[in-house]
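As annotated by TrEMBL, transmembrane segment applies to 12-37, 43-62, 74-91, 97-121, 128-147, 194-213, 220-244, 256-275, 282-300.
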Amino acid sequence: MEIRTKDDAWRLLLVLFLGQLVAFSMAACSFASSFIANLGVDAPLAQSFCTHLLLTLVYVPILLRRRQKLRIPWYWYLVLAFVDVQGNYLVTEAYQYSSITSVTLLDCWTVVWAIILTWYALGTRYSFWQFLGAGTCVAGLALVLLSDANTPDAQDPNKIPLLGDALVIAGTVCYAFSNVGEEHCVKKNDRVEVVAMLGLFGVLVSTIQVLIFERKSVEAIVWSPTMISLFAGYGIAGFMFYTITPFVLEMSGATLLNLSLLTSDMWAVAIRVFFYQQQINWLYYLAFAVVAIGLIIYSLNESSSADATATS
């Protein structure tokens, strides 16, 4: 029993560590997207293309060397990649209208949708305290909407914070479907196959949509060293995100993954204060405190819920 307890403790620490790596990658993507938006470039699909291209170049050759048939039909991967690209598009587009802190905080709405989807689709059962923790997180996110309604950006014709918030919330629905679908795939199949096919079909979907919706925007980009570095940085950070995420999903699940991503908000606040030299509304700090309390409540009851699911 003592050995098992130690193994469980190390496993939990590993999951938390990987979750923080994913959160750091997400914060890096947020920083790059916010910087690109501030430079007047509106090309979220092109940014998504960079990430999926790196995934394709790295993981598809590994998959081909195995010479194995796909364990999941290709059209399911196509649907999963399509939903994922739309989520990336909506959230990245939100940086055109809202601040980096608002986008990253509201991105946590994925937790709510993930709980609902895992409950119905995967049969995961949650305790009252876990629902209370998730509800507390939602209450904290509501403070962001209140803050954005009164922000000076609302007076700027180029900034529409509430529209940006709506885009983020819509994007989190897509993220939840993508995360839960990916969790189902990695727990029943192979991580390399899932990431490789997500990258391949992600390139296909994003390329088609760029040619249809963003062709003029991409052609108008002035490719300076700074711009190239930002797109490359976004692609590398996204590559890290998609590489590490399957491990967290396999070891825990979509809900804990998205709860771990809540800590990316700390990085977003630090970026806004130290890099952009902007003042933060006090409601942001209150919102983050409430979200942190909700995360603690959920985490303290996560293991008991997992045991109940395993028994069922």
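Backbone N, Cα and C atoms are what each Cβ position is placed from, and that goes for glycine too.
Highest Cβ contact count with the transmembrane segment (43-62) among the listed stretches 12-37, 74-91, 194-213 falls to 194-213 (criterion: pairs under 8 Å). With Cβ pairs under 8 Å as the measure, the transmembrane segment (194-213) is packed most heavily against 74-91, out of 12-37, 74-91, 220-244.
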